[in-house]
């Protein structure tokens, strides 16, 4: 409680979403263990004092995620709605289950963005540390470059300890220059005074927050004790009412029987509704079959009419064929008669020719 009250002065959420939170099983290192019963708010926080990004999630008053983003972290999408990352400082692997792929992609984009910002912040911090550890050089006009920067004033304990070591190393590195160390020492003293004032202010804020949180805890304990007493009183009252009212059991039994009867009636009604739905389906099927039957009947009638037409046409064709055959037979008979006459004429002409030939020979 003290940490979150004190961090609220310097950390502000910059992106929030909702997801189911999991942690890897510390024993098997394979199975996921849910740390929240339902979807909770997962937020990115930015600490402007330390220039770090953190992922924090609370389930009530319990912090189930408290992970500082470092440049070597990687957020991996293992499915369309699930992602994970490893936190070496917490010695665990966090997993988040989202409601949609869009929320997962947005969280992953923010993770990559803040990871890159953390990398840049770390590089800048290292550059500042290198500048701090390098002895100040006097310029042509006599200006002195300060080894401290405003960002390093509110850094971590390791960062705040570095300038002191640097100061001592610089004072030992150039003992022969008199004016430069004096000016350098004066500048460092001013920065340390400013840092001390800042630390005192932060300490006062933290103390006030701690006192406030302590008072709130005491108030919560008092409220909890009052709630417990009220719960015990209500429990005793319920017990007394149950003992005094002997009809409660009978009413409860009657209510149970009525509930069972209602459930049976609802079950029967549901079955009847299912039967009605089945009958409706059968009626629809029967209507479809009747429509098909009517259509087939109409087609059959059309086919019968066409058959009658075809039969009439066939009878007409048969009559025509028979007439044609008769005509052909009469024509053949006429041809035969004509051939017989022609044969007689030819025979007569042959005899006439023979007679003429004989007459010519005789003459």
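The backbone N, Cα and C atoms fix where each Cβ goes, and this holds for glycine too.
TrEMBL tags one of the stretches 2-61, 62-121, 122-181 as region 'Disordered', and that stretch is 122-181. Note on the coiled coil (210-341): mean pLDDT across this stretch is 85.
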